[in-house]
Amino acid sequence: MSDREQSSGNTAFENPKALDSSEGEFISENNDQSRHSQESICKIYTAGKNNEYIYIGRQKFLRDDLFEAFGGTLNPGLAPAPVHKFANPAPLGLSGFALTTFVLSMFNARAQGITIPNVVVGCAMFYGGLVQLIAGIWEIALENTFGGTALCSFGGFWLSFGAIYIPWFGILDAYKDKESDLGNALGFYLLGWALFTFGLSVCTMKSTIMFFALFFLLAVTFLLLSIANFTGEVGVTRAGGVLGVIVAFIAWYNAYAGIATRQNSYIMVHPFALPSNDKVFF
């Protein structure tokens with residue numbers, strides 16, 4: 001597996017309804033209702049002696065030049081190779097996210113009775129924040145809109161979270177005599193991130209199981225922590241912390257999937273695609 005996992009053979013098109021093996025045969029019909037100022041992709045077909053060429057609309061690609069949906073690259077769907085040749089930044093961003101999430105979630109789970117979360121500020125500002133933000137910008141340079149949006153956004157989340165616990169920003173001081181207002185404010189803050197993350201998880205429903213699980217369970221974690229701040233229930237906070245630890249390990253799993261290759265590891269990650277949902281969704 002290379003840093004940017006590529007499709008080979010027919011692995012990207014195992015569903016016979018999605019791709020016919022006969023040369024030049026159209027797979028999907030033109031959509032007469034989709035007419036925009038720019039040409040929309042309305043057909044996919046193969047060509048060549050061994051069906052080595054794939055046409056997406058009027059664009060021609062070698063089959064081996066297309067990337068499959070893969071959590072190790074934060075690529076949620078079939079995509080052509082990027083123009084810019086950089087290393088895969090997704091494992092770096094995922095690692096920063098995973099470590100910071102793990103530390104904060106252990107606090108939320110009340111591991112060892114810890115109640116003061118300030119130790120996470122360093123991770124949040126630098127590894128989970130700055131490093132993840134840089135990785136997201138790198139993803140944008142690689143033409144991965146989803147990866148760039150996800151990593152830059154969560155890098156910003158960790159920077160903003162760290163700022164809450166830095167006295168210079170004066171955020172906690174503003175709520176010194178109004179703890180209920182602070183709980184409600186943090187509840188709305190986390191609720192917004194839950195809604196955003198649910199939106200991202202919808203965009204991973206045609207990818208792999210671990211890729212989808214990362215974003216869906218993260219959204220549930222945000223939702224639990226939001227409810228905990230609204231209600232003040234420690235049990236809900238601990239539930240969010242336990243689920244956050246699981247999310248951290250899933251993020252590390254996806255990061256490892258993007259790093260491990262046949263040249264550097266004996267243990268390879270084989271992604272498992274989500275079941276076909278062509279008949280369930282639009």
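Numbers run from 1 along the shown chain.
Placement of Cβ uses the backbone N, Cα and C atoms for every residue, glycine included.
Not measured: the values here are computed from a predicted model.
Listed in Swiss-Prot for this protein:
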{"type": "REGION", "residues": "1-34", "note": "region 'Disordered'"}
{"type": "MOD_RES", "residues": "SER2", "note": "phosphoserine"}
{"type": "MOD_RES", "residues": "SER2", "note": "N-acetylserine"}
{"type": "TOPO_DOM", "residues": "2-86", "note": "topological domain 'Extracellular'"}
{"type": "MOD_RES", "residues": "SER7", "note": "phosphoserine"}
{"type": "MOD_RES", "residues": "SER21", "note": "phosphoserine"}
{"type": "MOD_RES", "residues": "SER22", "note": "phosphoserine"}
{"type": "MOD_RES", "residues": "SER28", "note": "phosphoserine"}
{"type": "MOD_RES", "residues": "SER40", "note": "phosphoserine"}
{"type": "TRANSMEM", "residues": "87-107", "note": "transmembrane segment"}
{"type": "TOPO_DOM", "residues": "108-119", "note": "topological domain 'Cytoplasmic'"}
{"type": "TRANSMEM", "residues": "120-140", "note": "transmembrane segment"}
{"type": "TOPO_DOM", "residues": "141-150", "note": "topological domain 'Extracellular'"}
{"type": "TRANSMEM", "residues": "151-171", "note": "transmembrane segment"}
{"type": "TOPO_DOM", "residues": "172-184", "note": "topological domain 'Cytoplasmic'"}
{"type": "TRANSMEM", "residues": "185-205", "note": "transmembrane segment"}
{"type": "TRANSMEM", "residues": "208-228", "note": "transmembrane segment"}
{"type": "TOPO_DOM", "residues": "229-238", "note": "topological domain 'Cytoplasmic'"}
{"type": "TRANSMEM", "residues": "239-259", "note": "transmembrane segment"}
{"type": "TOPO_DOM", "residues": "260-282", "note": "topological domain 'Extracellular'"}
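DSSP labels the residues of the topological domain 'Cytoplasmic' (229-238) in these numbers: 8 helix, 0 strand, 2 coil. Look at the topological domain 'Cytoplasmic' (172-184): DSSP puts its residues at 9 helix, 0 strand, 4 coil. Mean model confidence for the topological domain 'Cytoplasmic' (108-119) is a pLDDT of 90. In terms of DSSP secondary structure, the topological domain 'Extracellular' (141-150) contains 7 helix, 0 strand, 3 coil.
Note on the topological domain 'Cytoplasmic' (108-119): residues 165, 225, 234, 237-238, 240-242, 244-245 of its chain, located 6 or more positions outside it, place their CB under 8 angstroms from a CB of the stretch. Beyond its flanks by at least six residues, the topological domain 'Cytoplasmic' (229-238) meets 108-110, 183-184, 186-187, 190 of its own chain at Cβ-Cβ distances under 8 Å.
Long-range contacts of the topological domain 'Cytoplasmic' (172-184) within its own chain (CB-CB distance under 8 A, at least 6 residues past either end) are made by residues 164-165, 229-230, 232. In terms of DSSP secondary structure, the topological domain 'Cytoplasmic' (108-119) contains 4 helix, 0 strand, 8 coil.
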